[in-house]
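Undergrad: Taken from Swiss-Prot, the feature domain 'Radical SAM core' covers 57-286, and the record attributes it to sequence analysis. Swiss-Prot lists C75, C79, C82 with the feature [4Fe-4S] cluster binding site, giving sequence analysis as the kind of evidence. The [2Fe-2S] cluster binding site feature in Swiss-Prot is assigned to S119, C151, C211, R281; the stated evidence is sequence analysis.
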Amino acid sequence: MYRGLFLISEAVISRIEKKVLSGGKILFAEACDLALHCARADLDRLLALARQVGSLHHGKSIDLCSIVNARSGRCSEDCKFCAQSSHYSTGVDSYALVDPDYVLALAKQNEAYGVSRFSLVTAGRAVSPAFLREVASIYRRLGEETSLAPCASMGLLEPETAEMLVEMGVRRYHCNLETSASFFSEVCTSHTWQDKVATIEHARRAGLEVCSGGIIGLGESMEQRIELAFELRDLEVLSIPLNILNPIANTPFADLPALTEREILITFALFRLINPRAIVRTAGGRNLLAGQQKKLFLAGANGAIVGDYLTTSGDGLKKDIDMFLNLGFSIGSREK
């Protein structure tokens with residue numbers, strides 16, 4: 001249980017620091033204790049520890065990816081945060097397939113700025129083999145005309161569709177768990193958390209790398225965020241995008257209170273400590289921190305989705321790159 005505000009001793013903090021800096025695994029109870037403690041004190045110390053752990057495993061490289069909304073709107077699922085769900089009247093644009101020439105132009109623009117990965121993202125519960133045959137030519141052109149690593153985020157997978165993606169040249173599949181298993185039913189009822197895990201397993205068995213993270217600020221507790229971080233560790237996910245809820249009008253989560261900056265920074269730092277070898281990737285919502293978003297990278301983040309997101313705007317590519325360089329990052333990743 002999340003036990004309220006309290007402070008832990010210097011000896012306990014020092015023991016946790018020594019453990020994680022020597023390659024040991026932080027325990028769930030230790031992460032919860034740090035979250036409780038840092039809600040009142042020693043936030044800078046936690047952030048410094050997260051940076052040290054990140055540097056230990058990843059140096060000063062930052063892994064950049066970008067996405068394109070390849071199929072928008074009319075989604076059958078009822079995720080309560082999502083502008084693309086057909087259950088809510090959000091006014092989002094709807095289209096069956098984005099113009100391939102636009103995709104290639106966007107990909108090349110991103111590549112010119114040092115982005116290393118590019119993903120097609122589709123609205124909907126899943127994609128059919130027929131749809132994948134439609135987008136195969138886009139992936140072929142990406143492979144022929146760019147050096148970007150091609151990724152996909154297309155909902156729930158079956159073994160057949162996972163294998164088709166591999167045959168098309170896709171290297172990495174993204175499927176967010178969204179939130180912890182204990183909170184998922186509060187976020188979505190049209191599919192289950194276990195459906196997400198099955199998709200991750202199908203992708204991995206087919207030979208795809210896996211990218212999976214979630215959204216914070218959905219009404220979950222700090223303890224449930226920590227649960228998610230440990231669930232991702234158990235699944236051995238090595239690319240973890242963390243979104244900060246950007247409330248969409250007319251969705252059930254439109255009026256949820258915003259997280260405080262302190263809560264956000266504690267969350268990012270703990271994800272880094274719990275998943276030291278993963279790329280902890282900032283995603284949608286980081287621009288809500290405005291001029292303070294650089295603090296996410298001082299809290300251990302070492303990856304980012306750059307450019308615009310699916311139905312909300314990001315920061316411009318050049319602005320992002322300038323921020324990363326000013327923070328001392330080199331563009332590109334040591335991720336294997």
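Placed from the backbone N, Cα and C atoms, the Cβ positions cover glycine too.
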Undergrad: Using Cβ-Cβ distances, find the residues under 8 Å from C211 ([2Fe-2S] cluster binding site) that belong to the same chain and are at least 6 apart in sequence, listing them in sequence order.
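TA: Spatial neighbours, sequence-distant, of C211 ([2Fe-2S] cluster binding site): C151, S153, R172, Y173, H174, C175, V237, S239, I240, P241, R281.
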Undergrad: Determine, for the [4Fe-4S] cluster site, the additional residues of the same chain whose CB lies within 8 Å of the mean position of the CB atoms of C75, C79, C82; present them in sequence order.
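TA: Going along the sequence, the neighbours appear as E77, D78, F81, A83, Q84, S85, H87, A123, C188.
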Undergrad: Between C75 ([4Fe-4S] cluster binding site) and S119 ([2Fe-2S] cluster binding site), what C-alpha distance do you get in Å?
TA: 19
Undergrad: I want the residues beyond S119, C151, C211, R281 whose C-beta is within 8 angstroms of the mean position of the [2Fe-2S] cluster site's C-beta atoms, in chain order.
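TA: In sequence order, the nearby non-listed residues are C65, I67, R117, S153, R172, H174, S239, P241, I305.
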Undergrad: To see if you understand the setup: which same-chain residues, six or more apart in sequence, place their Cβ under 8 Å from that of C82 ([4Fe-4S] cluster binding site)?
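TA: In sequence order, C75, Y88, I248, T251 meet the Cβ cut-off.
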Undergrad: How many whole Å apart are the CA atoms of C79 ([4Fe-4S] cluster binding site) and S119 ([2Fe-2S] cluster binding site)?
TA: 21
